[in-house]
Every structure is written in C-alpha cells, then in structure tokens.
Amino acid sequence: MTLQICVAQLNFVVGDLAGNARRIIEAAQQALAGGAQLLLTPELALCGYAAEDLFLRPAFIDACDDALNEIVRASEGLAGLTLVVGHPARLTDGSQASRRERSVTVPDLFNAASVIRDGRIVHTYAKRELPNYQVFDERRYFAPGDKPCVFELQDAGGQTVKVGLLICEDAWFDRPAREAKAAGAQMLAVINASPFHAGKGQERESTMRERAQAVGLPLVYAHLVGGQDEIVFEGRSFVLDASGQLAGRAISFEETLFPIRFESRGHSWLPVADTDRPHSAEADLWHALVLGVRDYVGKNGFPSAVLGLSGGIDSALVLAIAVDALGKDRVRAVMMPSPYTADISWIDARDMAARLGVCYDEIAIASEFEAFKGSLAPLFEGRAEDTTEENLQARIRGTLLMALSNKFGSIVLTTGNKSEMATGYCTLYGDMAGGFAVIKDVVKTQVFRLARWRNAHDPYGTGANPIPERIITRPPSAELRPDQRDQDSLPEYDVLDAIIERYMENDRSPAEIVAEGYSQADVDKVVRLIRLNEYKRRQAPIGIRVTHRSFGKDWRYPITSRYRA
Ligand SMILES: Nc1ncnc2c1ncn2[C@@H]1O[C@H](COP(=O)(O)OP(=O)(O)OC[C@H]2O[C@@H]([n+]3cccc(C(=O)O)c3)[C@H](O)[C@@H]2O)[C@@H](O)[C@H]1O
Ligand SMILES: Nc1ncnc2c1ncn2[C@@H]1O[C@H](COP(=O)(O)OP(=O)(O)OP(=O)(O)O)[C@@H](O)[C@H]1O
Ligand SMILES: NC(=O)CC[C@H](N)C(=O)O
C-alpha cells in the first residue's frame, strides 16, 4: 500500500489572494495527475507570509475567506485529493465585534490550516505555538489554538492513514506533536514559513529530527520559498522517517512540487523521496541574497536596478548579486568619479562592468562638488574641510542615482554592509539613499569571502570570475578625501566584525567581549558607534536578513537612551 504526498514548495506573494489561490489549485491539479492523495501547502500560503498588519483589516480577512472558498469549490473537481491550505481564520466564538469598539490588541484570528476535499472543509486547525521573537510578531495578530488536529486519508489501496497536522512553531515544541500522536496520528505533516539565516537549514532539520524521534512518527516538513521584504524563505522541504532519519529533501531556493511516497509497513509508514544535497554556507548565502533581490525587485514591479559602482568591493559584490538575480540587461552601473577617485577605481569598475556585460555610465561629480562648495563658501569661511565635504560627494552621487531611478523607474540598490550599518560608516541621504540594501546583513569579512566564492563559482551562468582580483585585494577606502583608508577610522575588519557579532548578534556585554581577548579600546569604540548610530539605521532602506539577528525587524533599540553598556 502506498500513500503519495505532494509538497507545494511555491513562491507565494503576500496579498495576492486570487493569484495564490490559483497557484494552489494548479498545484493540486498537478499533484492529482501525479497520483498524490494529499497536497500540503506552506503556512499561510493563501495570503503569504508575513502579511503583518494586513491581518488587522477585516476586509483583508473577508478577501482571504473568498479566496479559500475558491479553493474549496475547485476541490469538487479533484476527487481523491485532500488539500491542506494555510490561511487566517476568524475565531468562531462570535466575538467579531468591531476592533474600534474593542481593544485592537486583542487578536481575533487564528493562524490556521484547513483540510479540504470534495468541495468542503473537513477540519480547520489553529496553530498552538505562536512565535513572537526575532522577526515574528504572531501574537499581535493571532490567538493560539488549543487542540490537536488529526485527519484521515485513504491511500491508493483504500487503507486509512491518520495524519497529525502542525504549523511551524508547533513542531519546535514537544506538546503539539505528542497530543497529535495521542489523538491517533500515524505521521506528522508540518506546514511552515521559517525564514532563512546562516545555518538555519541544519538547525531546522535537527529540531525536526528530535520531534520525530520523540513521538516515533515520520514527519513531512512542507516549506515556503521566496523573498518577502527583508526575509527570505529557502524551500528545502524534507521528510524524516519515524526514527528521525532524513528520507528526502527538496531543492533549496527554488520552487518545486516535491513528491513523497509513503509505503505501509503494518501500522507504520516508511517515506521514500529524492534527496537534494545541501549547499555550502557561502552558496546558501549567495542564493539567499539573489532570491532576496529578485523577489523584492520583481514583486514590487521594478523593471530594473541601478547602483553606484566605485571600484570597491561592496558595490562590486552587489553588482554581481544583482546580475545573478535580474540578468545583465536589467542592471545598470554608474561610476561617479570625484577628485579623490584613484585611477585603479575607474579601471576596475570598467573592467567589472565589461565582464558582466551590464550597461555602464560614467558621470564625473567634480563640477557639482565645486558648485556646492562654492555656494557654502561664504557660510563656511574660516572652517577647515572635514566630513562635511566628504558627505557632499556621497550626497551628490545619491542625488544622481535617485534621478536615474525617477527617470527610468529603476530601483537604487544601496551597497552598505553590516559593518558599516553597525558603525554608521555611511552617509545619510548619500550612499544610504536608495530602495533596497542588498548586503546590509553581511559583515565586511564575509563580503570578501563571498566575493572570492563568486569568482570561483558561476551558479546562475552569468559568467565566471566577475570581480577583478584587485577589487578584492586593495585596502578598502571611501575615497572621500586624499589617501583615505577605512582602517583610519575603524578597527581592522576582522576585529570589528568579531565585536559586532558578539555585541549585536549575540547580546554579549562589553566586559565579556574584552574577557575573550579583544582590547578595551576597540570594544568601547565599536559599542559606542553601534549605540550612536541607531538614528541612521532607522532611516536606512530595508535589506536582506541572512543572520539570526539583522538590523531590521529583529533589532529594535531606542535612539534616545542613556544606557551605555
Ligand atoms: N541622534 C540623531 N538623530 C537624528 N539625526 C542625527 C542624530 N545624530 C546626528 N544626526 C544627524 O546626522 C548627521 C551626521 O550624519 P551624516 O551626515 O551621515 O554624516 P557623518 O556620520 O558625520 O559622516 C559620515 C561618515 O561615514 C563615512 N562614509 C561615508 C560614505 C561612505 C562611506 C563608506 O566607506 O561606505 C563612509 C565618512 O567617511 C564619515 O566618517 C548630523 O549632522 C545630524 O544632522
Ligand atoms: N566613484 C564612485 N562612483 C560610483 N559610485 C560610488 C563611487 N564612490 C562611492 N560610490 C557609491 O557609494 C558607495 C559607498 O562607497 P565608498 O567608496 O564610499 O565605500 P565602500 O563602502 O568601501 O564601498 P565600495 O567598497 O563599493 O567602494 C559605493 O559602494 C558606491 O555605491
Ligand atoms: N512561522 C513560524 O512559526 C516559524 C518559527 C520557527 N521556529 C522557525 O523559524 O522555523
């Protein structure tokens, strides 16, 4: 006896209710044609994850209900197939009073999944464990469910199978799986929206292994793929057998309908599926950045992207990511030399643009720089040049890039890395001006590693070795004054990044970091810069989260604060 399950590892779009419903119906038709008895869609597939405060709008929930009804109607023509669809569901206790009359902080929704077949909803399960840490805010919108959900299916030979349904965070806790087993489940189906960060894939698989082992049941992990604002979902759905061993894994960072066959062994079920090998850490990171750019640009309707190409490593890396994400014909690079731009910066910028075949322009900014200084000269009389003039150059470039954005509809990709975002080594309304900050969660030492990795690999066939070697080997400089080096004002990048990782990502205290061997002076300087530059980060564009703590939704510090440690 065999049971066939199909995981719809698809890239849903937040708020595209009709489009998402259509994709679920198409996936169901394909799954049925392929012999499946069960189609699993990811968490909140119908409305997309994360719909955030759209969940507070009654009309949005009405529209979700309408889209769900479309799927229910379509299931009449899908005899033999059961669908599990993630969607928001209103509480059924009649407490649908207007939010204006009640406190808006009382959630009146469930994060739910409905089991649908033959034109009706057979069960609706409400997620029991609601994550409220890192990027998650589920308790703002949802009330927790309190019951397990076990539904029955017939396999190809008519044998009954009992499936315990869980939603993402449920499976990171013990109780929901145990109660599903106690209610008769013979396997667990977990539908998910679990954002990518470095190392998350392994963490997820090992947590699910513990879960499967704890209850002695096979577990299907059905996952989302795609970028949504700052978050990327990596796909990589999988299935474990009852001993927690991996029995199959879907491709990462791509859509797929992932088929899993379960063979009956008495009362238990043995999963069989193809297994895709996981990528290296650098490859994962690269794919996450590419998907993040592709989906942000694509889902927000930009025809193309533009960026300032300086001959330095950050803009070089962003250009390579953008070309992998969008193709060379949708990316434009602009070199904007100032009086401090070294010859090698021009040469390397031209070289890189030619290697990738992107549209490349040069706009000298010396005359604008002189004009600004001339206008300010009477007011600045008697004052020495300082960062004011450095920032003017960055702001002229920002203005030119935004003009190109306005004229051609291209989004400006900013190029600041996490080390710069941490320390404020960037200019407001200058190099921070733009729509999407591609590498804002990638520290500088990782920028170098990624550049080397990309030169050695060509994952999207856009050309090997796109970054001229000298861009990687020359000392980083903002080129905003003569002979400037980043290390004139910042500690060496390996020290800087280590302190950022400890203080910002892992909440270590300055004393603990010093105890690990970092100098008091370096730690004090970096911590002070991180604290002082909160105001800049609040004005920065969003960018792709690739660590377990980025300067985004999972970093909410006060700007006005007297706390110093
Ligand atoms: N708490 C607060 N709340 C709101 N606004 C606050 C503020 N504190 C200062 N400000 C404002 O911010 C201004 C200072 O910020 P901003 O104008 O950006 O300038 P600032 O941070 O003073 O200078 C930019 C620094 O970034 C370096 N840089 C620039 C460009 C590129 C790169 C690179 O290598 O990538 C490096 C540059 O060498 C310089 O050290 C102040 O004049 C004030 O108006
Ligand atoms: N000459 C230039 N032409 C075009 N864009 C520039 C130029 N100089 C700076 N920029 C833009 O401003 C960003 C900030 O770069 P800056 O040179 O100040 O230091 P950086 O952070 O080391 O970046 P990079 O490594 O790309 O040079 C660059 O990444 C680039 O997008
Ligand atoms: N959507 C969720 O419930 C996700 C929570 C979970 N721990 C994860 O990131 O995998």
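Note: Cβ is positioned from N, Cα and C throughout, glycine not excepted.
Residues or ranges marked as active site, for glutaminase activity by TrEMBL: Lys127. Under the DSSP three-state reduction, Lys127 (active site, for glutaminase activity) is assigned to coil, being neither helix nor strand. Residues near Lys127 (active site, for glutaminase activity) in space but far in sequence (CB under 8 A, at least 6 apart, same chain), listed by position: Glu43, Phe110, Asn111, Ala112, Ala113, Glu138, Phe142, Pro144, Gly145, Ile167, Cys168, Glu169, Asp170.
Around the Cβ of Cys168 (active site, nucleophile), a 10 Å sphere holds 28 further Cβ atoms from the protein chains shown. Here TrEMBL flags Cys168 as active site, nucleophile.
DSSP assigns Tyr133 (L-glutamine binding site) to coil, not to a helix or a strand. Long-range Cβ contacts of Tyr133 (L-glutamine binding site) within its own chain (separation 6+, distance under 8 Å): Asp554. The L-glutamine binding site feature in TrEMBL is assigned to Tyr133, Ser194, Lys200.
What TrEMBL records for Gly308, Leu309, Ser310, Gly311, Gly312, Ile313, Asp314, Ser315, Thr415 is ATP binding site. In the three-state DSSP reading, Gly312 (ATP binding site) counts as coil. Contacts of Gly312 (ATP binding site) defined by a Cβ separation under 8 A and a same-chain sequence distance of 6+ are given as Ser345, Ile471, Pro476, Ser477, Glu479, in order along the sequence.
Per TrEMBL, the feature deamido-NAD(+) binding site maps to Asn391, Glu420, Lys536. Same-chain residues at least 6 positions away in sequence with a Cβ under 8 Å from that of Glu420 (deamido-NAD(+) binding site) are, in sequence order, Asp314, Cys426, Lys444. Glu420 (deamido-NAD(+) binding site) falls within a helix when secondary structure is assigned with DSSP.
What TrEMBL lists as domain 'CN hydrolase' is 3-264.
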State the Cα to Cα distance, in Å, between Lys200 (L-glutamine binding site) and Thr415 (ATP binding site), rounded to an integer.
25
When a 10 Å sphere is centred on the Cβ of Thr415 (ATP binding site), how many other Cβ atoms does it contain?
27
Span of the L-glutamine site, taken as the largest CA to CA distance across Tyr133, Ser194, Lys200 (Å, rounded to a whole number):
15
Of the recorded positions Cys168, Ser194, Gly312, which ones put their CB under 6 Å from ligand 3?
Cys168, Ser194
In the same chain, which residues outside the set Asn391, Glu420, Lys536 have their CB within 8 A of the centroid of the CB atoms that define the deamido-NAD(+) site?
Ala394, Gly416, Gly424, Tyr425, Cys426, Thr427, Leu428, Gly430, Asp431, Met432, Asn533
Just report the maximum Cα pair distance in Å for the recorded ATP binders Gly308, Leu309, Ser310, Gly311, Gly312, Ile313, Asp314, Ser315, Thr415, no decimals.
12
To what whole number does the mean pLDDT across the domain 'CN hydrolase' (3-264) round?
95
